[in-house]
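Trainee: The structure under discussion is supplied below as structure tokens; questions concerning it will follow.
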Amino acid sequence: MHRGKGMKFVGDSRVPAMRKPNIPKDYSEYPGKTEAFWPNFLLKEWMVGSVFLIGFLCLTVAHPSPLERIADPTDTSYIPLPDWYFLFLYQLLKYSFASGPYTVVGAIIIPGLAFGALLLAPFLDRGPERRPSKRPVAVGMMLLTLAAIIFLTWESVVTHDWEAAAEQGKIRAEVDIDKNAEGYKILEANTCLTCHGENLQGGPAAPSLVGTGLSAEEIANIAKNGQGGMPGGIFKGTDEELQKLAEFVAGLKAE
Amino acid sequence: MLNKIYDWVDERLDITPLWRDIADHEVPEHVNPAHHFSAFVYCFGGLTFFVTVIQILSGMFLTMYYVPDIKNAWESVYYLQNEVAFGKIVRGMHHWGASLVIVMMFLHTLRVFFQGAYKKPRELNWIVGVLIFMVMMGLGFTGYLLPWDMKALFATKVGLQIAEATPVIGPAIKTLLAGHHEIVGAQTLTRFFAIHVFFLPGALLGLMAAHFLMIRKQGISGPL
């Protein structure tokens, strides 16, 4: 910057009175088809950004973000699941060499080594070569890590019971259940509540009994013969009791 | 009119060199998808920044409704999702943007890695980039708790157990994050909120400024 004798300033400030002309630099001497960032390339970036934004908005409209029921710390049967980008770590901690007394291996040592190596990559891979084919060790390690992450995430996804997970997190309608009703007593006597919950709200192994949309006959049939994961023969009462139970459950409507 | 305003300000503050030094730089042919389509891999970094801006803006709007306390957090998110005009869209943008920023950042990291662009003289920029990666993971982890629904609470419990497994300082880290050595509750939610909304974004902005300053100073790495 020009400084010193002969300089004129705006008032008593340090802003020079001689102003720099507001014209773009000349890029004609640059090699190849070099382009100015401002404003030529920025305009193209904005166009890419707009297309990206439209796709992104379509995603948010097509798939509203999920919300499960309010957190209940007393629910000990809930099977937790982290967000998808932590699944590989979650899966790693399920293996016997990385859990229990060896948790420190799965939780700290392996991820720590991986992240440490990533952080220090410029100092581990010091050669001047940049082409992947010329630095097989660094590229090989990265490909191996990538394969491990993809494998662990995949394993985590296929071993997770997604239906049970969707069921256990559902927002359930609050319904006042008459716990003195005869139907409720019959449910209690036949151990239905063990799986379907005290408020018939359902649980990890059983759906909610509120607002099933089934008729009394269908419910009686399920109570006797079972359905899905529920075995038959759980109901052990009389036909009259079965009738009362089915009518009670069929009458439970979500508000 | 606009030109006159610009000249008036420029005469007093000499702003032309300020923004020209930042914005008026060259884009080499090998990074320009207009000339070589395969150069689209150079877009990942910019798209990460773009999604980050979306995250900051949508997050600012979310805090207009969100209440970080265990009684109202879930209720406020439910209200935002179902009652507030465009609440579903804004929350959706923040929710999906969180995943997208991880994807884009991952792709950007892989591009830089496989091209060996982290080599001398760009080691420091790589380190700052990996730190940004960690801050982003932290943002994802702390943000996951805030809706205070079932999966949020239980995933956070698992995450805190992982933190606790750190030798020596593990229990201290857990207490620092959760506000209690055992309970994951009201204190945890307010701490995660503070970390998610103030601490980590502050760190992120600082690191991103360093990241961009360095790339402007050094220029983008040359063709392979």
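Any Cβ shown, glycine's included, is placed from N, Cα and C.
Automated prediction, rather than curation, is the source of TrEMBL annotations.
Under the heading domain 'Cytochrome b/b6 C-terminal region profile', TrEMBL lists A:27-154. What TrEMBL lists as transmembrane segment is A:46-63, A:102-124, A:136-154. Under the heading domain 'Cytochrome c', TrEMBL lists A:178-253. The annotation heme c binding site is assigned in TrEMBL to A:CYS192, A:CYS195, A:HIS196.
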Trainee: So what's the mean pLDDT when you look at the domain 'Cytochrome b/b6 C-terminal region profile' (A:27-154)?
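Mentor: Here the mean pLDDT over the domain 'Cytochrome b/b6 C-terminal region profile' (A:27-154) amounts to 93.
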Trainee: Determine which residues of the same chain, besides A:CYS192, A:CYS195, A:HIS196, have their CB within 8 A of the center of the CB atoms at the recorded heme c site, and list them by sequence.
Mentor: A:LEU187, A:THR191, A:LEU193, A:THR194, A:GLY197, A:LEU200, A:GLY203, A:ALA206, A:LEU209
Trainee: Going along the chain, which residues six or more apart from A:CYS192 (heme c binding site) have their CB under 8 A from its CB?
Mentor: A:LEU209, A:ALA223, A:ILE234
Trainee: Under DSSP, the domain 'Cytochrome c' (A:178-253) has how many residues in helix, strand and coil?
Mentor: 35 helix, 4 strand, 37 coil
Trainee: Among the binding-site residues A:CYS195, A:HIS196, point out the residue whose Cβ has the most other Cβ atoms within 10 Å, with all shown protein chains included in the count.
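Mentor: The residue with the densest Cβ neighbourhood is A:HIS196.
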